[in-house]
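One structure is given here, and the rest of the page talks about it.
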Amino acid sequence: MSPTDHEQEPGAREETDVVVIGGGPVGENVAQYAVEGGLSAVLVEGELLGGECSYWACVPSKALLRPVTLVGAGSDLHGMTSGRLEQDALLERRDTWVSGYDDAEQVEWAQGAGITLVRGHGRLVGEREVQVERGGGSRRLTARRAVVIASGSEPLVPETFRDALPWGSHDATGLKEVPGTLLVVGGGVVACEAATWLAALGARVTMLVRGSALLGGQEAFVGELVAGALRDQGVEVRLGTEASSCRRKDARDTGVGRVHGGPVVLETGDGELSADELLVATGRRPLLHDVGLEAVGLSRDDVTHGRLPDWLHAIGDASGGPPLTHWGKYQARLLGSRLAAEAADRPVEPVPDDVPVPQVVFTDPQVASVGMTEAEAQEAGHDVVTSEVPFDAATGGALLRDHVSGRAKLVVDRGSGRVLGATFVGPEAGELLHAATVAIVGKLPVHLLRHAVPSFPTASELWLRLLEDLPVELRLP
Ligand SMILES: Cc1cc2nc3c(=O)[nH]c(=O)nc-3n(C[C@H](O)[C@H](O)[C@H](O)COP(=O)(O)OP(=O)(O)OC[C@H]3O[C@@H](n4cnc5c(N)ncnc54)[C@H](O)[C@@H]3O)c2cc1C
Ligand SMILES: NC(=O)c1ccc[n+]([C@@H]2O[C@H](COP(=O)([O-])OP(=O)(O)OC[C@H]3O[C@@H](n4cnc5c(N)ncnc54)[C@H](O)[C@@H]3O)[C@@H](O)[C@H]2O)c1
């Protein structure tokens with residue numbers, strides 16, 4: 001089979017070991033690991049190879065946020081003249097990072113990795129059978145060993161807002177026109193990150209958050225610190241606020257990242273709010289409505305509850321698990337290697353069942369967390385002991401800005417002395433996280449961690465402060 005060929009004799013079937021539906025980072029990784037293990041793999045992609053992450057999510061958002069963060073740092077370091085954002089150059093930087101929305105480099109990578117790319121929309125049409133449609137043509141693929149659904153996720157937009165054609169994350173990351181005023185519905189990760197770069201680019205942003213905190217589910221200080229920082233950046237954060245209705249005259253599809261018509265008016269308990277644009281960031285769900293589940297007698301719930309036949313797998317956002325690129329890619333590495341090992345009758349690598357999920361939110365300050373919060377650890381039945389220190393408790397943390405706002409917390413199991421979870425909020429906090437992930441996966445007790453000496457003066461010395469803040473008896477084996 002040639003890499004992007006879409007022609008096939010009528011009625012013909014092509015066989016391969018693994019068929020992957022969806023060529024995002026997760027689909028790419030499972031195909032790569034299967035091929036490296038000696039299998040053949042076809043990757044079916046309907047849009048751009050590289051998926052949401054590369055063109056509309058992680059990569060463009062972080063390309064926009066990095067200069068925003070550095071300008072913030074520059075204006076809080078005595079001895080440095082503050083930097084300034086240049087909108088056109090910033091959008092050019094984003095365009096460079098998304099390769100001008102062209103996937104030629106990814107296609108080249110796939111070819112080099114020995115993966116066959118088939119462009120088009122893939123659907124299951126029977127056991128191990130996938131039909132790919134593109135334009136008027138179609139192609140039938142048979143998987144000797146497995147079909148993997150890696151179709152990603154789609155935004156959930158509440159009915160109230162749909163007729164207004166509000167912005168979604170594609171518009172926020174694919175930004176072309178900065179609205180003068182912007183309402184953001186949602187207080188999760190997308191809302192907080194997008195509010196950060198849009199406010200920095202001059203939009204007057206108001207966030208409407210129905211809950212009592214931003215970034216719910218994290219340690220309580222996370223939402224407080226991020227809300228405080230957003231307010232300092234000029235964002236109005238309204239907690240406990242819901243929109244009961246939404247109207248917009250002249251709602252029009254003007255294209256991604258452009259203002260979609262006239263002003264948007266939202267009715268809330270506190271009265272009416274009006275703005276040039278509305279960004280709805282109210283969560284995502286697995287994209288499963290058009291992958292042919294019904295053809296093999298399965299439902300969305302079967303996928304998200306893992307009730308799949310042994311030839312069918314779902315990973316990444318499509319699985320309903322944590323919708324994070326690194327988590328999906330981890331699942332993909334495991335599955336690709338497992339499929340190859342099973343095919344070759346090699347032993348399958350054992351996998352720990354309690355691998356923690358890390359996440360970094362790239363607001364300013366950043367939020368980095370892994371494992372359990374204190375509340376989650378208690379709920380799981382642990383006898384919990386915690387330590388908590390301000391981010392500037394270590395010289396290396398304090399040196400990062402003139403006014404450092406942030407906090408760090410460790411959640412430890414009292415009996416075993418092992419770290420169960422960690423949260424860091426502060427400048428560049430994401431870079432502190434991997435040490436915590438290693439400590440949890442390695443089941444390292446506090447008395448051993450004390451011998452991991454952080455360099456002076458790095459922010460990693462926060463680890464010393466956190467360990468010193470724990471009960472003294474945990475320091476001894
Ligand atoms: C604004 C934003 C910022 C984010 N930032 C981060 C971040 O910083 N870090 C992080 O870890 N995560 C981040 N995420 C989450 C991350 O984008 C997802 O977890 C990740 O993209 C999931 O990868 P995936 O391969 O499962 O799905 P996707 O990246 O969505 O890829 C799925 C692919 O499948 C294709 N496809 C779907 N159905 C079919 C079909 N039937 N036939 C053929 N092709 C199909 C799609 O076209 C797409 O290319 C962010 C999300 C958003 C919205
Ligand atoms: N840096 C990162 O790792 C990163 C960045 C962006 C997105 N992501 C991933 O993308 C996923 C989706 O992000 P998200 O921010 O859209 O979802 P989210 O689940 O993080 O947040 C959704 C927010 O919308 C609110 N909400 C839900 N329904 C609502 C309604 N009907 N009315 C008003 N508010 C409502 C929720 O209370 C919450 O505040 C995240 O789970 C995250 O894993 C990760």
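Each Cβ is built from the backbone N, Cα and C atoms, and glycine gets one as well.
A TrEMBL annotation is a machine prediction, not a hand-curated record.
Under the heading domain 'FAD/NAD(P)-binding', TrEMBL lists 17-325.
When secondary structure is read from DSSP and collapsed to three states, Cys53 (disulfide bond) falls in the helix class. Residues or ranges marked as disulfide bond in TrEMBL: Cys53-Cys58.
The local packing around Asp317 (FAD binding site), expressed as other Cβ atoms within 10 Å of its Cβ over all shown chains, amounts to 29. Summarising the annotation, TrEMBL assigns FAD binding site to Lys62, Gly122, Asp317.
Marked as NAD(+) binding site by TrEMBL: Gly186, Gly187, Gly188, Val189, Val190, Ala191, Cys192, Glu193, Gly283. Gly186 (NAD(+) binding site) carries neither a helix nor a strand DSSP state and counts as coil. Remark: Gly186 (NAD(+) binding site) has Met207, Leu208, Val209, Val280, Ala281, Thr282, Gly283 as non-local neighbours, by Cβ distance under 8 Å and separation of at least 6 in sequence.
The domain 'Pyridine nucleotide-disulphide oxidoreductase dimerisation' feature in TrEMBL is assigned to 357-462.
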- Message: Taking the Cβ of each of the binding-site residues and counting other Cβ atoms inside 10 Å, which one has the highest number: Gly122, Gly188, Gly283?
- Response: Gly122
- Spatially closest candidate among Cys53, Cys58, Gly188, Val190, the listed recorded positions, to Asp317 (FAD binding site) (Cα to Cα): Cys53
- Got a sec? Which of Gly186, Gly188, Cys192, the binding-site residues, have CB under 6 Å of any ligand 2 atom? Gly186, Gly188
- Query: Which residue, out of the recorded positions Cys53, Cys58, Val190, Cys192, shows the minimum number of other Cβ atoms inside 10 Å of its Cβ in this structure?
  - Reply: Cys58
- Message: Measuring Cβ to any atom of ligand 1 with a strict under-6 Å cutoff, which of the recorded positions Cys58, Gly122, Gly188, Val190, Cys192, Asp317 qualify?
- Response: Cys58, Gly122, Val190, Asp317
- Where DSSP helix means H, G or I and strand means E or B, what are the helix, strand and coil counts for the domain 'Pyridine nucleotide-disulphide oxidoreductase dimerisation' (357-462)? 34 helix, 33 strand, 39 coil
